Structures are given as C-alpha cells and as structure tokens.
Amino acid sequence: MGKKDKRWVLQRKNDHYYNLAKKRNYRSRATYKLFQLNEKFNLIKERNVVVDLGCAPGGWLQAARDIVGEKGFIVGIDLQTVKPLPYENVIAIKGDMTKEEILKQAKDLLPEKPDVIICDASPNISGVWDVDHARSLELTTMALMTATKMLKKGGNFVVKVFQGDLFEKYVQLVSEYFDKAFTTKPRASRDESAEVYVIGKRFNGRKFDINSKSPIVKLLDTNPEEKEITSPSLRKEISKEDSGLMIKRIKEMRSKKE
C-alpha cells in the first residue's frame, strides 16, 4: 500500500461522519450532509415526494426516506446500478437524467409531481481546477434543467456545486427559477473540499430557457436544430477537446469580467 493509500485509510478511520454512517448502516457519509441541509433550510418534509438525481450509492436516498417516512415517496436516478433499499416507497432507476425516456419513467412511478429535487452528483475529478469547475457547472445545470421539468410549483431544489469563477453566476441562474437562492457548506463537508450546496426555495414554475444569455447555459453542448442538451460529464466520458473548449470558455468569461 502506497503512502497516499495509507493516508486515505487513516483519514477514513478518523472521519467522524464516515464512522457514524458505518455504525448506522448508511451507505455514505454524505447522508449527514442532507440531514444538515434539511435541518437548516427545511427542504424536505414528512410525506413529501422526492427525486434524487445521481443517487448512487444511495446515502441521500436513505436520508430522504428517514425524513419523508413511510407515507412519502422517493425515486432516484443514476447511471450506475443502485442496490435496492428495503423500502417499498424508494425506487432507483438506472439511466441518464437528461434523457426524456428516463424522466418519463420516473414520472410514471411518482404518485404526483415531486416536492423536492435533490442532487449530490459529482463529475469525474481530473485534478485540473478549470476542468473540474466546468464539469461541475455542466452537471449542476443539467440538474437545474431537470428540476424545472419535474418540480411542482413551490417545490425546493438542492444541488452540489464546485466553487470557481462562475459559481456566483450559477447561483444567479438558480434564482431565476426560485423565489430564493442560498449557498451553504454543511458541517459534514470536509474542510478541504471545494463543494458548496446551492439551495432553491419555492419553484416559480418557469421553464428552463436554453436560449438564456447566462454564461452558465452557454457552457452546455447543444444541438442547434433540436435544442437537445448532451452531457459528456453525466456519461462520465469527456474528451480532451471538450475539456479544452470548456476551459477556453471559462477563461474568456474571466477575462471579460476583469
């Protein structure tokens, strides 16, 4: 075992939330992030209908189930197969949340439009700041777009974002679709992590504007004829050319801002 591996193992052994999650049979330490976010912002209530985007390995599904109880309902979507949870009101679908057929499958399972959309998904981390920031923005904008398609009016939204040059622009974009937008970092997030959570409270019912002048929307790959959005990061495949293009866009926006 190398030094990095030993350091990682030691870090996990000393990680309060990792040990707590293991003790209480939660699949991820991230479970406690959702508990803390909900405690602060009152996003999810008992009996709510919830959709979890990028739900693997299932930690947020477990947290949401603990909050909504047996009379709520939760559907998760992820590219990976998620091991079933022992609850009749929690279902995980394998698929791409940007695909209409997957969204239809989720909608068909739901008893009504969701009260809350949650997303703790992360793109593949390259270690290159601009690339990771761009991938994160692409993924979180996909989540926002999906939320505007599914949420009931007045519903809530929470998504993980990596900090960077365009972080505030993303928060501004969220505020266009919700009455209030907040940012926070729960106690369970590691101090060294660049992750921040963006909260949208009370969906105003607006449809996502793919022609928006927002610099965040311009980062997306679009089909100009059909206006369909593709998500290389969501498929966990992104070429060097795609990465370079996103970095170029971010640098151009950065220079304009300066």
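Heads up, residue numbers simply count up from 1 along the chain you see.
Backbone N, Cα and C atoms are what each Cβ position is placed from, and that goes for glycine too.
When ASP108, ASP115, ASP120, ASP130 are compared with the S-adenosyl-L-methionine site residues GLY58, TRP60, ASP78, ASP96 in Swiss-Prot, the one appearing in that site is ASP120. For the binding-site residues ASP78, ASP96, ASP120, the largest tally of other C-beta atoms within 10 A is found at ASP120.
Counting every protein chain shown, 22 other Cβ atoms lie within 10 Å of the Cβ of LYS160 (active site, proton acceptor). For the pair GLY58 (S-adenosyl-L-methionine binding site) and LYS160 (active site, proton acceptor), the Cα-Cα distance reads 16 Å.
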